[in-house]
Amino acid sequence: AVAALPHATASFNIVAFLAICLVTTILVIGIRESANFNTIVVFVKVGTVLVFIALAASYVLAHPQVASANWHPFIPPNTGEFGRFGWSGIGRGAAVIFFAYIGFDAVSTAAQEAKDPQKDMPIGILGSLVICTLLYVATAWLLTGVVSYKLLNVAAPVARGMQATGIVWGEYLVLIGTILGLSTVMLVMLLGQSRVFFSMSRDGLLPDWAGRVHSRFRTPYISSITVGLFVAIFASLIPIGILGELVSIGTLLAFVIVCAGVWVLRRRRPDLKRPFKTPLVPIVPILGIIVALYLMVSLPVDTWLRLVVWLVIGLVIYFAYGRKHSRVAELAQRPKQRV
């Protein structure tokens, strides 16, 4: 995508700024319009991935010796530096690209707008997770078969793979699909974060303005505009590598907290009605915590420092405003006050 967008290397990424402003406008207009836009782009994106898989597979079958040489060694030996190839490199790579999976949990933030959330949410999250994982694995496997991993440290690695096959139209198709694919990522992330602010406002953790709904579009427009503005500024000024690592470590920390919450709530409140129950508790939550922590440890120290800064900012907001106005805390104290 960077190769197709020359302005992405400038000090101010005007393309990223305008793209996020456009997606924010779509979100303000309404969830139905957003869903229609997302559906169209997803079809194009998935179609592009399937075309690449088909073309790359045909190339690998036609050139088995090239693919075999590119896949050997399948796990390159570590260079002596943590995270530089080897098993530690796999961990760091997984941690860096983890942001590619954060759209699945964002689906749950739109539960209030689903017709049958108890049924639709688990199917949507788990189904899309399985499908996308299979597509990711197939793409990475075939890409490294077409081109040696040593030549893939470029701005557009998949397009580089298409270039190696000699299929010119496939290279342009991949670039177009990548750019369109980024729009769906922006849409889902901005949708999820604005709905998180909306829910936090209802719980009293944020001011009332974050929960205001537009009289015509019936969307939390102030939250959407606020999130879109901040994201546009950060995306246009901060390198994408730093943003990717920061988003990944923040999401991994959130998953650690969620796994711990599932474990604790299952023990303390076994009486709660659960339309969907996590199986094999506490084994699944414990494994989730261990894997997430391992991926977090694989990230650079600078990323941890940035995480601490954002955590401090979040805690200041919580203790300065959220804790005093929390409706959940107020409800929890009522039985004590009656006694």
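If you go along the chain as it appears here, the first residue is 1 and each next one adds 1.
Quick reminder: no glycine exception, Cβ is built from N, Cα and C everywhere.
In TrEMBL this protein carries:
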- 12-30: transmembrane segment (TRANSMEM)
- 42-62: transmembrane segment (TRANSMEM)
- 82-104: transmembrane segment (TRANSMEM)
- 125-152: transmembrane segment (TRANSMEM)
- 172-192: transmembrane segment (TRANSMEM)
- 221-240: transmembrane segment (TRANSMEM)
- 246-266: transmembrane segment (TRANSMEM)
- 278-297: transmembrane segment (TRANSMEM)
- 303-321: transmembrane segment (TRANSMEM)
Legend entry - Close approaches to the transmembrane segment (125-152) from elsewhere in its chain (Cβ under 8 angstroms; 6 or more beyond its ends): 46, 49-50, 52-53, 56-57, 59-60, 66-67, 69-71, 76, 100-101, 104-105, 107-108, 158, 160-161, 164-165
Legend entry - Which of 82-104, 172-192, 221-240 contacts the transmembrane segment (12-30) most, counting Cβ pairs under 8 Å: 221-240
Inset, instruction - State the non-local partners of the transmembrane segment (303-321) in its own chain: residues 6+ outside its ends, Cβ under 8 Å from one of its Cβ atoms. - result: 205-207, 242, 245-246, 249-250, 253, 296
